[in-house]
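First up is the structure itself, then whatever we jot down about it.
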Amino acid sequence: VAQLLDAGLFPCSFTEPKSAIAFSVLRRFEILHVESKVPAFDFYGALRRTSDNAFTVDVPDMFDNFIRSSRWWGVLNAQKRAGQAHGIDGFLTHRPKGNTILYCPSCPEPGFNMDNKLLKLPPDLRHLNQQRETIDGNFHCTKSTKNSDPNDYSLYQGSGFSPLTPTSKPISTTTPRERVRGLLR
């Protein structure tokens with residue numbers, strides 16, 4: 001595995017690697033997927049055509065390997081970008097350990113990037129110290145919900161926005177429509 005990584009190749013398996021994907025291919029897919037919303041299936045189809053445009057059926061099907069590798073690539077990049085690969089937990093002790101969430105550097109965090117005196121502002125100025133934490137600023141989380149593959153699991157192991165085990169409880173057992181109907185009766 002180390003020899004493949006040194007050569008700029010990402011192994012499709014960490015136990016017995018028989019194939020690998022070039023870092024440049026994974027980088028290109030990551031950029032195209034984020035910027036142009038290119039699905040993995042379409043990107044892989046383009047790779048097959050690049051390999052052999054006349055006889056794409058002769059190109060070995062490695063789509064599952066590509067998906068697995070691109071998911072691991074994304075997790076490793078998130079850990080690197082969040083500083084986990086560099087031991088950031090030792091410096092930012094007020095944040096959860098192993099966290100891969102990128103925090104806004106200009107948003108006020110008491111005890112970290114703002115003076116504690118600012119916590120005692122008069123009520124009419126408290127709006128200056130707002131800290132907003134949102135999981136989905138672009139409202140795209142609902143588009144990511146997948147119920148089709150029961151074997152699909154998170155590689156982040158609770159270090160991202162979603163916890164490892166669900167900790168939230170339902171607010172109510174009735175739907176909003178049922179509550180409104182109850183009020184109108």
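Including glycine, each Cβ sits where the backbone N, Cα and C put it.
Positions annotated as domain 'CxC2-like cysteine cluster KDZ transposase-associated' by TrEMBL: 2-54.
Under the heading region 'Disordered', TrEMBL lists 137-185.
What TrEMBL lists as compositional bias 'Polar residues' is 141-160.
Taken from TrEMBL, the feature compositional bias 'Low complexity' applies to 162-175.
If you look up TrEMBL, you'll see 176-185 marked as compositional bias 'Basic and acidic residues'.
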- Message: Please list the DSSP helix, strand and coil residue counts for the domain 'CxC2-like cysteine cluster KDZ transposase-associated' (2-54).
- Response: 31 helix, 6 strand, 16 coil
- Note on the structure: Mean pLDDT across the domain 'CxC2-like cysteine cluster KDZ transposase-associated' (2-54) comes out at 91
